[in-house]
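Annotated features in TrEMBL:
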- 30-179: disulfide bond (DISULFID)
- 52-56: disulfide bond (DISULFID)
- 1-23: signal peptide (SIGNAL)
């Protein structure tokens with residue numbers, strides 16, 4: 001089948017005219033109710049872990065971000081430093097909760113742990129919608145100046161998760177420049 005140049009040109013014009021638009025960029029997600037949903041699910045996971053009697057421990061201590069916020073220090077940091085601290089904390093939480101998922105044998109907890117991991121991924125999408133770039137610390141290293149500590153129980157880990165979302169992440173999201 002041979003197409004004439006005119007027919008070919010007409011087809012190209014028609015395809016150009018009917019083609020779907022370019023994908024739109026992510027719209028900023030500034031509604032803190034989204035974060036409240038993530039916090040509630042983290043609390044649910046923590047509550048479920050507290051009721052667990054067997055097969056719900058960590059095989060070894062894991063490194064987690066410090067959740068305590070010194071507001072005078074936080075406010076002196078620029079937006080990039082704050083974002084980097086939150087992203088590093090989320091990376092640590094993802095690693096620690098992933099380790100917990102691998103060690104938990106109580107199947108009733110798997111959905112809660114999976115939700116926590118999925119929500120960390122979703123939080124990353126929320127941050128990208130706010131033009132906050134994802135950062136992954138180099139292997140074996142957390143960002144310079146990032147305060148961490150180690151927890152040895154699953155309930156401690158999930159408490160850190162809740163506190164981190166309620167603290168540093170909420171501060172970052174509530175002050176995101178694109179939301180003002």
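Using N, Cα and C of the backbone, Cβ positions are placed for all residues, glycine too.
Separating the Cα atoms of residue 179 (disulfide bond) and residue 56 (disulfide bond) is a whole-number distance of 40 Å. Put simply, residue 30 (disulfide bond) is 35 Å from residue 56 (disulfide bond) when counted between their Cα atoms. A count of other CB atoms within 10 A of each Cβ picks out 56 as the most crowded of the disulfide-bonded residues 30, 52, 56.
The number of other CB atoms found within 10 A of the CB of residue 179 (disulfide bond), across every protein chain shown, is 13. Comparing residue 30 (disulfide bond) with residue 52 (disulfide bond), their Cα atoms are 35 Å apart once rounded.
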